[in-house]
Amino acid sequence: MATSLRLLDAGPGSLRRWIPTCFAALLLLPPRPNLGYNEDHAEPVCGAPWWSDSLEERHHWPWEVSLQIENEHVCGGALIDQSWVVSAAHCIQGNKEYLVMLGSSTLQPSGSPWALKIPVGDIIMHPKYWGQNFIRSDIALLCLETPVTFNKYIQPICLPEHNFNLKVGMKCWVTGWGQAKQHPSAKLTRSLELWEAEVSIVDNKNCDRVFHKKTFYPQVIPLIRKNMICTTNHRENPCYGDPGGPLACEVHGRWILAGIFSWEKACTKAPNLSVYTRIDKYTGWIKEQVSRGARSGRCRTSCLLFLPWLLQLPVSPGPPHPFLFLLCLC
């Protein structure tokens, strides 16, 4: 017991030299279900979707999820790990029982062998979430009751590093079962099939000026803050995104979760301005909550989520960092 206490009190130590020992120990453990990819032999990496050769499935978004109440779609979300989904905090409606549907691009996946519906076991709202008027810190983590097995149709998207270089004019993609108008006088209708739209990153200051014109807030009060992203598109029906749905940006062949759809100016005409929670401002909080969930036993997590962080720890003599033991058990 004394040894355990001493190790827990140790600071960042020689983690890198302990990693081979940890993985050697992992090889001696019996296999655990629902870990890694299945017989499709896809590599267990984030943000690397399988692209079909068929035109109909050219753009495939395997991290897209549907957050549902009583089997009715209410919001989108993004899978970041075998047990965790990121969505918008304003999607959470009190003590409801939520399901997450994965592995399907349609809201009616009858007969699909890949579609899964998994109950949400725990929900973590960001402590600074503000849902009045212009929403702030609009992010929530959903822990699945059962970890998923990754395959061609269910894969995680990568979390961005802190201060992710998101440039104005950069092209990204928003996906969801959003609403659209077939003509100006028509009612908004939800699509049963997953839609996608390419959007451009807009300068936050310019976006802020546009939103201020529609409100009585003085200019000195920023509506679009540093922890938000603003985008625009030029499609006829701009409302492709779902609240909580992902804004995905491709960087060097890897798809990054840049944002989570939060709110927009209007859903009537293009070009349309949409506002997202900027994920790189919350990456540290996400990893902290995932780590706590793993330690408490509520949610298992994948070691891959923490691997970039582990490799950045300094090398120094002494006992290993206690997080290494969490890595060995995850």
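From the backbone N, Cα and C atoms, a Cβ is placed for every residue, glycine too.
The signal peptide annotation in Swiss-Prot covers 1-35.
Feature annotation from Swiss-Prot assigns domain 'Peptidase S1' to 45-291.
Of all Cβ atoms in the protein chains displayed, 24 besides its own lie within 10 Å of the Cβ of Cys91 (disulfide bond). According to Swiss-Prot, the disulfide bond annotation covers Cys75-Cys91 (among others).
Long-range neighbours of Cys249 (disulfide bond) (same chain, six or more residues apart, CB within less than 8 Å of its CB): Leu166, Met170, Lys171, Cys172, Trp173, Trp255, Ile256, Ala258. Taken from Swiss-Prot, the feature disulfide bond covers Cys172-Cys249 (among others), and the record attributes it to sequence analysis.
In the three-state DSSP reading, Cys207 (disulfide bond) counts as helix. Neighbour count (other Cβ atoms within 10 Å of the Cβ, all protein chains): 22 for Cys207 (disulfide bond). Here Swiss-Prot flags Cys207-Cys230 (among others) as disulfide bond, drawing on sequence analysis.
According to Swiss-Prot, the disulfide bond annotation covers Cys239-Cys267 (among others), on the basis of sequence analysis.
Per Swiss-Prot, N-linked glycosylation site is recorded for Asn272, and the stated evidence type is sequence analysis.
In the predicted model, the domain 'Peptidase S1' (45-291) has a mean pLDDT of 86.
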